């Protein structure tokens with residue numbers, strides 16, 4: 001809840017300070033940071049969650065997972081971080097349209113190892129089911145990043161906001177270290193040790209899946225945002241980004257539940273019958289809650305749009321109905337996706353991510369000329385319906401259900 005409130009406050013700060021056009025650039029950077037961070041971590045954190053949970057009664061195996069994951073993360077984050085810092089000018093021009101924001105990429109590259117270590121420690125907490133510490137770490141990190149982002153945005157407008165977004169999770173590492181400090185597992189010998197080839201091979205399955213997801217979806221959003229800016233204008237692209245962002249914020253409550261509970265829970269289950277029972281139980285809880293929440297968001301749109309954004313974002317009302325409908329199927333797809341992840345069904349996961357990222361972009365190209373800005377949210381809805389169907393069929397064929 002604190003994380004959601006912090007996101008809402010930042011949303012308001014960005015909306016008032018930079019407007020729809022600046023909001024579109026913030027979306028571009030957020031997607032870029034997501035891509036680079038996952039590549040820089042070796043994209044193994046979901047694997048760390050799975051195998052930490054799976055080896056809950058085998059401490060030596062858990063330690064082998066952590067040691068191998070730490071080495072992979074260190075090598076990848078240092079290599080990628082150096083490359084980002086050295087290529088700051090062209091990256092700024094490519095993703096943000098000007099070289100004026102190069103400092104953002106320099107700082108991000110230099111602090112990437114801290115960013116990655118923070119994510120790894122959170123994955124270990126999650127896999128060990130230390131929920132109280134996991135929640136406390138997320139709350140503390142949210143408060144730290146909230147203060148940092150508000151301060152830098154007020155200090156230097158759009159540039160300050162972009163810098164804050166590029167470094168905030170690195171700064172949040174301080175809070176994570178303080179909370180983890182007194183745990184029995186948080187020692188250098190348990191986190192840094194021999195490289196285990198077998199563990200690395202297992203983590204590689206998750207690396208392929210997560211890199212696909214971490215790259216395909218953000219790149220698709222970047223391409224769509226650029227397309228909208230060129231066809232209907234940067235202001236309209238900012239309105240779509242605002243609708244997408246508000247979806248991210250309210251879905252955060254449910255995605256946190258999925259990542260915290262269902263990924264390790266699905267990893268523990270081996271029988272298709274028990275998995276099916278757990279999945280139906282989850283759906284019976286999440287579907288009504290999501291339907292109620294989405295309806296409430298739609299009915300109160302006249303109140304929260306000016307509250308959370310500003311009058312210049314009023315045009316997003318037009319795209320909300322289809323965006324919310326698409327979000328329902330998006331959440332259903334994510335629930336199935338976590339089951340796919342937990343069973344390391346890499347071919348199914350990678351194939352679905354690539355196929356439906358491409359189809360989202362293609363549907364946008366087809367629908368926007370016909371329906372304007374509404375076309376992109378129609379594409380969103382149609383795409384996630386297809387995604388749900390594809391994962392369900394794939395899980396059935398893999399005999400995971």
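Numbering starts at 1 and runs along the chain as displayed.
Using N, Cα and C of the backbone, Cβ positions are placed for all residues, glycine too.
Keep in mind that TrEMBL annotations are predicted by a computer and have not been checked by a curator.
As annotated by TrEMBL, transmembrane segment applies to 72-95 (among others).
Taken from TrEMBL, the feature transmembrane segment applies to 101-123 (among others).
Residues or ranges marked as transmembrane segment in TrEMBL: 135-155 (among others).
TrEMBL lists 161-182 (among others) with the feature transmembrane segment.
Annotated transmembrane segment per TrEMBL: 203-224 (among others), in sequence order. Beyond the transmembrane segment (203-224), the same-chain residues lying 6 or more positions past its ends with a Cβ under 8 Å from any Cβ of the stretch are 27-28, 31-32, 34-35, 37-39, 42-48, 50-51, 65, 68-69, 72, 95, 240, 244, 341, 344, 346, 349-350, 353-354, 357-358, 360-361, 364, 376.
For 249-267 (among others), the entry in TrEMBL reads transmembrane segment.
Remote same-chain partners of the transmembrane segment (279-299), defined as residues 6 or more beyond its termini with a Cβ less than 8 Å from a stretch Cβ, comprise 246, 250, 254, 257, 262, 320-321, 324-325, 327-328, 331-332, 335-336, 339, 401. According to TrEMBL, the feature transmembrane segment maps to 279-299 (among others).
Beyond the ends of the transmembrane segment (319-341), by six or more residues, the same chain brings 46, 50, 206, 209, 239-240, 243-244, 247, 251, 254-255, 258-259, 262-263, 266, 275, 279, 282-283, 286-287, 290-291, 294, 297-298, 301, 348-349, 352, 373-374, 376-378, 380-381, 383-385, 387-388, 391-392, 394-395, 400-401 to within a C-beta distance below 8 angstroms of the stretch. Taken from TrEMBL, the feature transmembrane segment applies to 319-341 (among others).
For 348-371 (among others), the entry in TrEMBL reads transmembrane segment.
Sequence annotations record features per position, and here TrEMBL assigns transmembrane segment to 377-395 (among others). Residues 240, 243, 319, 322-323, 325-326, 329-330, 332-333, 336-337, 339-340, 345, 348, 351-352, 355-356, 359-360, 363-364, 366-368, 371, 401 of the same chain lie 6+ residues outside the transmembrane segment (377-395) yet bring a C-beta within less than 8 angstroms of a C-beta in it.
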